[in-house]
Amino acid sequence: MLGPNGSVFMPSVLTLIGIPGLESVQCWIGIPFCVMYLMAVIGNTLILVIIKYENSLHSPMYILLAMLGATDIALSTCILPKMLGIFWFHLMEISFEACLLQMWLLHSFQGIESGVLLAMALDRYVAICNPLRHASIFSQKLLTHIGVGVTLRAAILGAPCLVLIKYRLKFYRTTVVSHSYCEHMAIVKLAIEDIRINKIYGLFVAFTILGFDIIFITLSYIQIFITVFQLPQKEARFKAFNTCIAHICVFLQFYLLGFFSFFTHRFGSHIPPYVHILLSNLYLLVPPFLNPIVYGVKTKQIRDHVLTIFVCSKHLNH
């Protein structure tokens, strides 16, 4: 239904164009994206299976790693199938409600991942700085509360974004979304009405979740490094530091890509749109793809179990 000045009143369908400016090569871009997605799903599923069936890995660190793996699978599955549909089969249309649902799920899983990374940093902090109390503090009950808490925090804080778009913004200058998935600001910018409240609330959620988490993760690692460098034996220092390397790599890739993507969308008007969209896509695909590789390489117990699986399958084939 048309509104004033050729605007569209409450559109029922939106069109996702993929990567603006790179439409002619999207079919090729889809190939590495698909490979990364498949590797992410296989790698994280493998880690989940190993942790589930290996009793020695039922400790807080590995249970949190399983939470991270499950979140990574959900996060990449939220966007990749539809994105490949756009790139390969030109399936660009998406209903307005489905677009809002994708946006909410996407931002919820991002918030959950951030919360799990914070829990992992606190787990390492207690394990290294207060090892005698680690088992009593990080109990099964606390891990359940952490899982429920980070999920509810992300889902509840993200829900008003849906309401603010659905019930505040009625008129849209276009139904064409210059993005490869339904991102909050990409939808909001289509409206011809005042979007300041939507922008402010979006920033509030980002800083409440990501800002809060990054501050406490940073403080945890500062305290960890202080404790590690005070250890008398060089071997003990190396062992303690080595348990944190994988966490630091995962933490840096998630937040650096995330903040770069977040700020270029809001303040990088001079940056070509395709650069921003590619970065946004990589932000959602690279962590799920790299996390199982980083933990598989750096965590001896997981590495040993992966090798055992492949050795056993090799013997069975022979």
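Including glycine, each Cβ sits where the backbone N, Cα and C put it.
The transmembrane segment feature in TrEMBL is assigned to 28-51 (among others).
What TrEMBL records for 43-295 is domain 'G-protein coupled receptors family 1 profile'.
Beyond the transmembrane segment (63-89), the same-chain residues lying 6 or more positions past its ends with a Cβ under 8 Å from any Cβ of the stretch are 16-18, 26-27, 29-30, 33-34, 37, 40-41, 44-45, 47-48, 51-52, 102, 105-106, 109-110, 112-113, 116-117, 119-120, 123, 143, 146-147, 180-181, 250, 281, 284-285, 287-289, 291-292, 295, 299. Marked as transmembrane segment by TrEMBL: 63-89 (among others).
Under the heading transmembrane segment, TrEMBL lists 101-122 (among others).
Annotation comment: TrEMBL describes 142-165 (among others) as transmembrane segment.
Annotation source TrEMBL lists transmembrane segment at 200-228 (among others). Through the fold, the transmembrane segment (200-228) approaches residues 107, 110-111, 114-115, 117-118, 121-122, 124-125, 128-129, 153-154, 157-158, 160-161, 164, 184-185, 188, 237, 240-241, 244, 248, 251, 255, 258-259, 262, 266 of its own chain, all at least 6 residues removed from its boundaries and within a Cβ separation under 8 Å.
Distant neighbours of the transmembrane segment (240-262): 68, 110, 113-114, 117, 120-121, 124, 127-128, 206, 210, 214, 217, 221, 224, 227-228, 231, 276, 279-280, 282-283, 286-287, 290-291, 294-295, 297-299; these residues of the same chain sit at least 6 beyond its ends, with a Cβ under 8 Å from one of its Cβ atoms. Taken from TrEMBL, the feature transmembrane segment applies to 240-262 (among others).
Distant neighbours of the transmembrane segment (274-295): 18-22, 29, 33, 36-37, 39-40, 43-44, 46-47, 65, 68-69, 72-73, 75-76, 78-80, 83, 106, 110, 113, 178-181, 183, 246, 249-250, 253-254, 257-258, 260-261, 264-265, 268, 302; these residues of the same chain sit at least 6 beyond its ends, with a Cβ under 8 Å from one of its Cβ atoms. According to TrEMBL, the transmembrane segment annotation covers 274-295 (among others).
The average pLDDT for the domain 'G-protein coupled receptors family 1 profile' (43-295) in the predicted structure is 90.
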